[in-house]
Amino acid sequence: MFQINDNFQKLPGSYLFSTIAKKVAAYQEANPDKEIIRLGIGDVTQPLAPAIIDALHKAVDEMGNAATFHGYAPDLGYEFLRKAISDNDYKARGCDISADEIFVSDGAKSDSANIQELFSANSRIAVTDPVYPVYVDSNVMAGRTGTYDAQTETWSNVIYMPSTADNGFVPELPKEVPDMIYLCLPNNPTGTTLKKEQLQVWVDYANKNGSVIIFDAAYEAYISEADVPHSIYECNGAKTCAIELRSFSKNAGFTGVRLGFTVVPKELKCGDVSLHAMWARRHGTKFNGAPYIVQRAGEAVYSDAGKAQLKDQVAYYMNNAKTIKTGLAEAGFTVYGGVNAPYIWLKTPDQMTSWEFFDYLLENANVVGTPGSGFGPSGEGYFRLTAFGNYENTVKALERIKAL
């Protein structure tokens, strides 16, 4: 008889946001007259920018003409998009990242789950705690995390780096040397960041110890402070120790369009083996390229009109973040984040657990957020609210919470 990958059986429960969706659906079915405001999952609400819509329309018209029709895309991405990314996201910031070091995909989530395939099954990972759950779950599926302790909600072969109020949500360098270090900056879920000199310490640590940093920069467009790096490649030596993940979902509203990319520098090697070559081989085998229409939309993100329109869109969401953070602070909540990231990380009141506060908000304010414990054990007693709602609903949700 056939056998299954037993590692999938090790995953506790369902994926965090799937669990939330089921709980909300059950409540809505039982209370159809209630208006629920969703500030949980980080899905955008504003429409695609006009420059992007124009690019989509033009590309669709091209697909309707035999002379300009495009079939399978190049598996690593169209050159026009890879060059636009290289010029605008990297060379403009002084980072020497060439177009052929950029691998276009259908989003950062799949890349963040798939990148672990480059590493051996006995590699140890280190994650900040709390952390985006995909990093750990994908390594569980690969059989890399050891055994699960339900009481502590930790894995025996995972190195946890607590990010709490006590350390300003800035983790310490791990004492046990990991093979892979996952860093998400600006951070999801805490909304905190590192300054360049702080990030340089991590790069130096990785190079010294032979570790690879998986750097998730999905929220870099929301950085407002000048001394916070947008890319890990702004640090000296990062090209020999870091892989960077990027998304078009949060900076350009592509959650329903799907586009992202991963940077794997040619200098990143394990002995004589190039991780760049490995990822190119993996990408070519398992991915058939993002659609032409979508990649043309991605190119429009870097047009003058696209940049201006998306700057306004980011400002819209960050105004939501400011509104939530200020309002909750006035109501007596302890709040973090919301400055360089579109997330508010708040302490749950009255010693409620994260899920108790989730239920309390849903039932009494009809507002959905994300329980902090879903991001790891150090997230217990915290709660995440997103600034990606529309402004009117954000204000309404805040009024409901303050009235409790």
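Backbone N, Cα and C define each Cβ position, glycine as well.
Record features, source Swiss-Prot:
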type: BINDING; residues: Tyr15, Gly42, Lys109, Tyr132, Asn188, Asn288, Arg384; note: substrate binding site
type: BINDING; residues: Tyr72, Ala108, Lys109, Tyr132, Asn188, Tyr219, Ser247, Phe248, Ser249, Arg258, Asn288; note: pyridoxal 5'-phosphate binding site
type: MOD_RES; residues: Lys250; note: N6-(pyridoxal phosphate)lysine
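Shown on the structure are the features that Swiss-Prot records.
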| residue | record | DSSP (3 states) |
| --- | --- | --- |
| Tyr15 | substrate binding site | coil |
| Gly42 | substrate binding site | coil |
| Tyr72 | pyridoxal 5'-phosphate binding site | coil |
| Lys109 | substrate binding site | helix |
| Tyr132 | substrate binding site | coil |
| Asn188 | substrate binding site | coil |
| Ser249 | pyridoxal 5'-phosphate binding site | helix |
| Asn288 | substrate binding site | coil |
| Arg384 | substrate binding site | strand |
Euclidean distance between Cα atoms of the residue listed as 'N6-(pyridoxal phosphate)lysine' and Tyr15 (substrate binding site), Å:
21
Which of these binding-site residues is closest to Lys250 (N6-(pyridoxal phosphate)lysine) if you go by CA atoms: Gly42, Tyr72, Lys109, Asn188?
Gly42
Which residues does Tyr132 (substrate binding site) neighbour through Cβ under 8 Å, counting only same-chain ones at least six apart?
Ser112, Cys184, Asn188, Pro189, Asp216, Phe375
Among Tyr15, Tyr72, the most crowded of the binding-site residues [Cβ within 10 Å]:
Tyr15
Rounded to a whole angstrom, what is the C-alpha distance between Ser247 (pyridoxal 5'-phosphate binding site) and Gly42 (substrate binding site)?
13
Spatial neighbours of Tyr72 (pyridoxal 5'-phosphate binding site) among the binding-site residues Gly42, Asn288, Arg384, defined as Cα within 10 A: which are they?
Asn288
Taking Asn188, Ser247, Ser249, Asn288 as the binding-site residues to compare, which has the smallest set of other Cβ atoms within 10 Å?
Asn288
Given a separation of at least six residues and a C-beta threshold under 8 Å, show me what packs close to Gly42 (substrate binding site) in the same chain.
Asn188, Lys250, Pro342, Tyr343, Thr386, Phe388
How many other Cβ atoms are found within 10 Å of the Cβ atom of Arg384 (substrate binding site), counting all protein chains shown?
26
